[in-house]
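The transmembrane segment annotation in TrEMBL covers C:200-219, C:270-289, C:335-354, C:361-388, C:394-416, C:437-461, C:467-492.
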Amino acid sequence: MAERRYRSASGAPLALRCRQHSASCRELAVRCPRLQLRSLSAVTSAVWLAAYGLFVLCENSVVLSAAIFLMLIGLIIYLHCVKIDQESLLVIGSLGIQLTSSYASGKESTTFIEMSQVKDVVINEAIHMQKVIYYLCILLRDPQDPQGVSEVVPLFQVSVTE
Amino acid sequence: MAAGRAQSVCMVSDFFYPNMGGVESHIYQLSQCLIERGHKVLVVTHAYGGRKGVRYLTNGLKVYYLPLRVMYNQSTATTLFHSLPLLRYIFVRERVTIVHAHSSFSAMAHDALFHAKIMGLRTVFTDHSLFGFADVSSVLTNKLLTVSLCDTNHIICVSYTSKENTVLRAALDPRIVSVIPNAVDPTDFTPDPSRRDDSTVTIVVVSRLVYRKGIDLLSGIIPELCQKYPELHFLVGGEGPKRIVLEEVRERYQLHDRVRLLGALEHQDVRDVLVQGHIFLNTSLTEAFCMAIVEAASCGLQVVSTRVGGIPEVLPEDLIILCEPSVKSLCDGIEKAIAQLRSGKLPSPESVHNKVYERVADEVVLPMDERLDRLISHCGPVTGYIFALFAVLSFLFLLFLRWMTPDSVIDVAIDATGPNGAWTKHCFLGKRERIKEEPPSSRSAQMERTNAPVPRGFKAC
Amino acid sequence: MVLKVFFPSCCSSAESGILIGRWISEQNSAVILAVVHFPFIPVQVKHYLREVQQVTKVSVSVLGSWNNSKQEKEESLSEFLEDLGTIFSHEPWIQISKEGDSKFWNCSTLQKQSDIHREEEIILVYYDQRKVMLSHLHPPLDTADHGAEDASKLSAIFNTVANSKVLFMTDRYDDGPIKMTHWQSDGIEASIIVELMKQASVPACMLLTFLLSLVSGVCNSRVLKFWPLSFLWSKLSTCEQLGHRLQHLQVISSSKKAQNQTQLMRKANIFVSLLIDVALGILLMSWLYRKNQIGHLADTLIPVADHVAEELQDLLQWLMGAPAGLKMNRALDQVLGRFFLYHIHLWISYIHLMSPFIEMILWYVGLSACLGLTVALCILSDIIALLTFHIYCFYVYGARLYCLKIYGLSSLWRLFRGKKWNVLRQRVDSCSYDLDQLFIGTLLFTILLFLLPTTALYYLVFTLLRLLVVIVQGLIHLLVDLINSVPLYSIILRFCRSYRLAAGVKFRVLEQQDGKPLRLLMQINPLSYGNVVQTYRLPTYSCYPKDSWTSLCKKLFLGELIYPWKHKGEKQE
């Protein structure tokens, strides 16, 4: 249950937690920094200032209510579908690998990969935005062609790139 | 094995495999030779179709295919700024010490020079082509070259003609320009007389089918010679916009059985094409150094070429028949060649590159203020000030990037050749032994590849 | 290799007994299907298992013992359970024991033949039999013959559970010689209503099929296949939509049983989409006919059409002068302008002729809304197309003229460069022209070049108008496609019974104690909503135009005609 601190490719702090459930089952979790109150308040005040400026110009109070409404919708969407708090990897010996990413709203999306599907686990390099980064990925076996790779599943995608 | 300090060299050019041509194979072979000498080499080029990201070639040569937009003729668009973040990231993570840009056609090479100088890295530039001075496009390119080369540490040209041309175009100090002729690996291009059909005479042309390569001349030569010699055949390898001209000639004179157009060739197939012929014809209108004629001569073909640019320096008199770039003169040359068929080889002098790097590594990179002075004084008032402004902007951009992602955050890339080139040593040793074992059938094979004498092109300054 | 025991969560409170299930040696895992309670007679159990094996083709056997001691541990019972291993020989013999209400169970294996007691790690995986069965993660039952090669995969477990469906169907109150605990299917009592509905739906379907065959017979009759009519049908989106719905009805009413999960879902989706469509349509109709909305609509429609025509007239007058200060070729400008003005004149008189009947037409057309909202929308789109027919005509004239000029200019430009288009080889060849040819070519080129701006202006204006209409029609078609294609049933199912649409499984690590086996909970991982829509989307009849934005722009520049409707293989017009 040790927690170690690292930095992501862009320098954001990350926390890695390893848990050994049993001899053949362990869980690795990477936690991203939570939503900062500072950035949230900055965005909110920016939107409201813009809305107020518009309101002064056109003198229509619909603008203000629309701004609040849009802000709320945007925040919900951001928390529910964009902001990922934690990504974890559960490795169960002879059964498979399970990837879970939990969003800030509590939503979890899970993928389970059977052990028989896993061909290899490799570290690769990729050009991401304006960076060249290393990433860890699982190669899946192609059912038709035993030598081929059907899919590349990158792990800890958000934590690494963010 | 490594003489002097091991450098980390970054080759930058828009032209690299899978694109085919002289510059591409030059970069590849140069990189292989440098890796063999213990340097770390990486190549940066733009993405070719689906080939994006990071790839590894033989002996751990790392190639970055950057996703930049291609503008014209496989050359990327240049804004001087948009490629800075990625190139900086690569330079930092690979701990690059020398940036080596290739070809003045490549916008990316110029960009990389510009960025490298701002970041305080040593720069080397190799010019592979000749330019005129008269037309508008030449004037513009020459101005750009002046700006980009005026504070480059060293410049390499492939022939004396090319050196003169570059020095004049870019208004350079001739002392920082070296001449290092290109080379071919003679073991890849060996003659094979059994593949020829000696009942006929076959003329081989391997070049891109574009205006610069004199395809219009070729279209004049083909019908004239075919009428005169009924046993003459043409074999044309390459692809380009001028292919249509050759097709028309073939249709008009009913030469379908005698003129074969092979289309684009892979580099490894070039030898197979070359050995099928007796005479190699090069009709270029301008050429700094012609790799194709060296390859052809190495395969034992009689070379007939136009007397332009650096071509006269490439091969000794007895291996080549030089003609004026006109249909009549070329026809005479080929007729002469048909009479006498001889073969020959040329040495491979890549090793000289190493000396340039060692020298460059000792030089000082100009500080920012001196650089601005030099830009302004060197490049004329208008361009000078504009580019000085660009340089300042670029420097500010670099500061911003350094603030966004500090150098300390960027991962250091793992050297694909292993610690001290341990993973590739074995492979090179094997290769050298193989070369030694070869019977000394040709002149170049007798020379030890790495100990090759300074070729006649090189002038130490 | 780790030993995995898949244990049904419904059996966790069962009384002590023996575990029956399937042993999958490739994965070193045991799938427990049920617990047989004490007391039993071993021979009867063996007989029963043999029967089950014959029916299900699953090699069901006794895997081990289950000890659920509510009170203090009884020494005698545990010894007895170990002895059972000798009666039902199985390798390895699994012993699971639960003490009191503790969540942590003891689990051990006995290897009788190999005397060395190997310390093997055991993972207990709880699963829900009902959800696993309904999730359809197993391969279809009829193709399960080649199960041998899949034995190493997780689907073998689902397969085992699904194949032993018969085991769960047995009635709870049926007093057999053996008492067992397993998931109990709802049995016959609960499904009586469903059965009745099924019975009732058969004659209804037959009636529907008969009616449908009648309708389609009329549609396919030869009278409607003559050239002008068939051309008209293919242009009207209402007919397309009706045909599409007819196909849907045929699919629903067909008496054939849905073969697999996908087809079943498709049928259900079509049914729900049809229901929603008709409901919306009736809602619309009730609104239309309540307060004489039709009359209002008709009263506004005619002035609008008139207004549009007048605006166009003004626009043409403006173009005939010096539009935006551009100097045009006066003669050509006048000719074109008059030509278009005459068209508008014709159009206005046509509208006026129609105006008394508009309300009546609308009233009857409004009735069609009971066929569904999509049909009503398609009719709306057709009405728009009919009312803006003059714009279409202008556009076609303008485009043809412009196209002709561009074509002429490009071929004459080739003539200047000593080139010509080789039709046989589909490429540009070089060609030497005579002096006369060059002279005529130059003359024509000059004329065309100087007349081009005038034509281009007319073309530009009418193209913009046309694009406006195309966009409106496109939006309506998009809405229709949306209603046609959304798999509503699947989405509702995903919302209420998420395990029915499974993408796979996921595991949750349950809390554990040192020395006890690791406990995992196997859950069904539902498809995400996006995937549900993607997988079960109903195919629509109108394929979207395949051209990208660049090709569309190129078409516009070259003056080729653009259509809002699909291209159906053959080139239109």
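One is the number of the first residue shown, and numbering goes on along the chain from there.
Positions of Cβ are set from backbone N, Cα and C atoms, glycine also.
Against the transmembrane segment (C:467-492), stretch C:361-388 has more CB pairs under 8 A than any other of C:270-289, C:361-388, C:394-416. By the Cβ criterion (distance under 8 Å, sequence gap of 6 or more), the transmembrane segment (C:270-289) is not counted as touching the transmembrane segment (C:394-416), fewer than 3 such pairs being found. Same-chain residues lying 6 or more positions outside the transmembrane segment (C:335-354) and placing a CB less than 8 Å from one of its CB atoms are 302, 305-306, 309, 312-313, 316-317, 319-320, 389-390, 393-394, 397, 454-455, 458.
Within its own chain, the transmembrane segment (C:361-388) is flanked in space by residues 236-238, 240-242, 245, 274, 277-278, 280-282, 284-285, 288-289, 294, 297-298, 301, 305, 308, 469, 472-473, 476-477, 479-480, 483-484, which lie at least six positions past its ends and keep a Cβ under 8 Å from the stretch.
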